[in-house]
Structures are given as C-alpha cells and as structure tokens.
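Down below is the structure, laid out as structure tokens.
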Amino acid sequence: MTDAHLAIIVLAAGQGTRMKSSLPKLLHPLAGQPIVSHVLATARALDAAHVITVVRHERDRLAALVAEDLPESIIVDQDEIPGTGRAVEQAVDALPTDFDGDVLIINGDVPLLDAATLATFIDAHRASAAAGTVLSAHPDDSTGYGRIVRSAAGDFDRIVEQKDADDTERAITEINAGVYLFGLAALRAQLAELTTENVQGEKYLTDVIGLLRRAGAEVTAVPVADAWLVAGINDRAQLSEAALTLNQRIVRGWQLSGVTIQDPATTWIDLKATLAPDVTILPGTQIQGATVVETGAIIGPDTTLRDCEVGENAVVKRTDATLAVIAAGASVGPFSYLRPGTLLGADGKIGAFVETKNATIGAGSKVPHLSYVGDAVVGEGSNIGAGTIFANYDGVAKHHSNIGSHVRTGSHNVFVAPITIGDGAYTGAGTVVRKNVPAGALAINVAPQRNMDCWVHANRPGTAADAAAADSLSTAESTSTTESTSTTESPSTTESPSTTESGE
Ligand code: UD1
Ligand code: CA
C-alpha cells in the first residue's frame, strides 16, 4: 500500500569522476543492470507517495533510464551548484506543496541496499522522536566515507567527510551509509543554511545533521546489520567488490532453491535470470540478462548465456549464446556460438564449432559439426552435413534458406541463399547448392574426379611420395596382373551422396 507520508529522493546527479570512465558511473552494470537501476527498484518497492530523482551529469541517459525503471518518479535537474545538499534542496522544492511527511534520501551509488532494510530503517525513525535519522555502518575499510562524529557522551553530533577530516576523525570506523530520513519541515529549514565552505566547495547534505544538532533537534544513527549492504560504488575496485558480494548472494539463493552450482567462485548469475530446481550449473558459467533455464538442464562448463531460454533437460556445454531459445532435450556444444534469433527445437542438436544466427532448427534436427547456419529455417528430423555453410550474404543483402524436414545434406555443402531444399531431399558431399532441390531429389554438382596416373613420378621424382607410390604400385602389380590400377574418369551410374549423419 502506498505510504502517503513518505517521499523518496534518489541522488543521481554526480559525475562519478573516480570511475575514470566515459560511461556515467551510475550506468555501469552490476549483476546485469545499471548500478542506479538497483536503487530505483528498491525505491519502487517502498511504494512512496512521491519519488524524485535528481540528475545532471549525462542527464538524458539517466532520465531515460529513470523513465523506464521508475516511471512514477519526478525528474529534477540539478543546477551548477555542486553537492548532495544542493541536489536535495532542489528535489525538496519539486515536492508537491500539499505533501507533509518524511523524506527518505538514498544515494544512487549504493546499489546493494534492499527494501526490507530500508523499511526497518523507516520504522526505527518513526518510532523515535528524532528529526533526522542516518543509516550507519562499520565496514572493514571506512576510507572514503563520511565519518560519524559522536560527542563524549556518545551522542551523534555531525558527519565529517573524508576530505575534510583530521587524523582523529579519519580513525573513526562508523560511517555514513548515504541513506537519511528527515521530517520535511526540519530538512527544509536546514537546507537553507548549507554553505560550500569545505574542501570540495560543495553543499554537503551531511552538514544538515550538524545543523540540526546545533538547532537543538535530536538526530540518531541506526546501524545496518551487514556493512556489505551499504557499500558505495565510487571506483571500479569497489564496483567489482560489490559485484562479487552480490553474486555470492545470488548464487547461494539459487542453491538454496534447488539448483546445483558446482563452483560458486566461477559462476556468475545476473539478478534477472531464473533457474528451475534441479538445474545443474558447471564451472565457468555466466547466466546473464533475463535468461530462463528449465528443470533438469545442465549448463556449462565454460558457457555464457545472455537472455536465452533453455528447456527441460537440455544440455549446453562450452557455448556462447545470445537471445537464443533451446528447447527441451536439445544439446548444444561444445564450442558453439548461438547468435540472436537461434531457435533449436526439442531434442535438436547444435554441435562442435557451429555458429548460428536467425536460424530456426526444427525438432530432432541436427547441425552436428563445423557449420554456419544463418537466416535459415530447417524443418524437423533433418541432418546438416559436417562443414556446411549457409551463404546468406551476397555482399549487399541477406537472403533466406529453407531446408525441409527429414533432409540429409552431404558434408561440406554451401547453400547459396535464397534457396529451398524440399522435404526428404539429399545432397551429395561437396555440393554447392545454387538451385532449389525438389522434395525427395538428390542434388549433386561436383565435377567428376580425374586421376592422372603416375603424375607424382613425372612431376616429383625422387621424393618420398614417389618412392612410396613406386613401392605400392610394384606390390599391386605382383599380386594382380590382370586388374588395371587405373580408375581414370570412369563415371559411376549409382552415385552415393555420402552424407555424414551423426550417429549420436
Ligand atoms: C557521500 C556522503 C558520505 C557517505 C557516502 C556513502 C556527502 C557529502 N557525502 O559521499 O558522507 O559516506 O556518500 O556512500 O553526501 N550526487 C548528486 N549531486 C551532486 C553530487 C552527488 O546527486 O552534486 C549524487 C551522486 O550521483 C551519488 C550520490 O549523490 O549517487 C553520492 O555522491 P558521491 O559523490 O559519490 O558522494 P561520496 O563522496 O561517496
Ligand atoms: Ca559515493
């Protein structure tokens, strides 16, 4: 139910200079989505009466993301006055005038914080008489964070930023997590008092705490149970640490829900992926995006799936796949590359060193070895011979190939698209299929083979090949004087297509 007395401000206007990146800090991915998307999702889950997101650096990209992830949010553009205090000041001005309640402020770069922790934090504030409450933590390393300075009696007095702190203050291990709750009136009054008189020349939101205390108001710090929840991301080292922590929790969560994950250290699962019970994930595997894996499937080792669907009992090993659908019982890999638009039917197979793109391969059909299948439909129960290329590109445009059901194509074929091969047709080994093949026909267009007898002796005399051939020919002559060893250009009347159907 919407909390009518709660407004949330998400701070997302900072530049993120410490990332040293052309990509805005808050758009760097973490478990498959931008850092700030985690924060927006948490804000959304709290169901506040109003949400305001403050943007400035790369504002259009941030605003577009907010519009997608948290469409109910008002977007406020921070002006040229820097600092979290200025961001909140402008956000508060954008609140509807009839709102009167609590304002929750969260940093856009604290992505691991969950809605349940924040709900407890809000309850703690409301149960107290404090004008403001700050979420605090005791991380292993407090470097970079604002420190919570307490009086001799232990009362929360103010927050000092790392850059403004003296040695004694820097030794403080209790830090400001970047999450605050204020009564609107108290917040508004103190924001007006902020100055930029500090090392960074910014209006610090954190100064509101000290100002409230000077004004005689009560301020409390509520410690978070686990410091990892409030890890702020300022640089790429912190990004990888947060990613590792989050991944450990995601992996453990799936293990507890019935997924076998052999090696958590080398398994990376994005937040939006879904795994059914009795899925097995082998080492070196990344399950990315909104990938869904059904029960009994075995993924890995060394496999990356991005936004894929994998059906029940399918097996996918040493494979890189994006936007592919692998139906139940199908088998993929090892060393397969499935590009967007690959649809492999039930019990089908995409085997070793096969690349597919925009390809529908029907139920029970197999592309077992060393092939490229692009812009194609293959029917059911067909077998594509080893080393086959679907030549889909004429240098200007892409063309489509249509292979029927129960087709057997020979090894080392080229299908020059646009092309259609009818149901039950065969093609011979080495065929370059340029014309449509009717159902049930055998297509073969390889030039008849010519053997030029004694070519080696005439052209490469004295070589090992010449000696070996001489030995072989003399043995053949002594065992058979009647049969000719020459088979030069004798066309066969019963051509064999020599397909390489996989026995598996
Ligand atoms: C801030 C806190 C610090 C706290 C830490 C927790 C202040 C002054 N300091 O420091 O006490 O320990 O977070 O992670 O608040 N932002 C704006 N507008 C700005 C500047 C920043 O919206 O003008 C946003 C940023 O996009 C970011 C958040 O505010 O999401 C925090 O800014 P950042 O510069 O990372 O602050 P810290 O130095 O980490
Ligand atoms: Ca920060």
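Heads up, the Cβ atoms here are built off N, Cα and C, so glycines get one too.
Please treat TrEMBL annotations as automatic predictions, because they have not gone through curation.
What TrEMBL records for the acetyl-CoA site is Ala386, Asn392, Tyr393, Ser411, and among Ala363, Ala429 the residue it adds there is Ala429. Here the candidates are the recorded positions Leu11, Ala13, Gly146, Arg339, His369. The one whose C-alpha lies nearest to that of Asp109 (Mg(2+) binding site) is Leu11. The list of residues near the region 'Linker' (237-257) in space but at least 6 beyond its ends in sequence, with Cβ under 8 angstroms from a Cβ of it, reads 19, 28, 30-31, 35, 111-112, 228, 231, 264, 267-271, 275, 277. In this structure the C-alpha atoms belonging to Lys25 (UDP-N-acetyl-alpha-D-glucosamine binding site) and Asn234 (Mg(2+) binding site) are separated by 8 Å. Under the three-state DSSP scheme, Lys25 (UDP-N-acetyl-alpha-D-glucosamine binding site) falls in the helix class. Between the binding-site residues Gly83, Gly146, Gly146 has the most other Cβ atoms inside 10 Å of its own Cβ, all protein chains included. Gly83 (UDP-N-acetyl-alpha-D-glucosamine binding site) sits 15 Å from Asn234 (Mg(2+) binding site), taking the Cα positions as reference.
Residue counts for the domain 'MobA-like NTP transferase' (9-138) under DSSP (helix as H, G, I; strand as E, B; rest coil) come to 51 helix, 34 strand, 45 coil.
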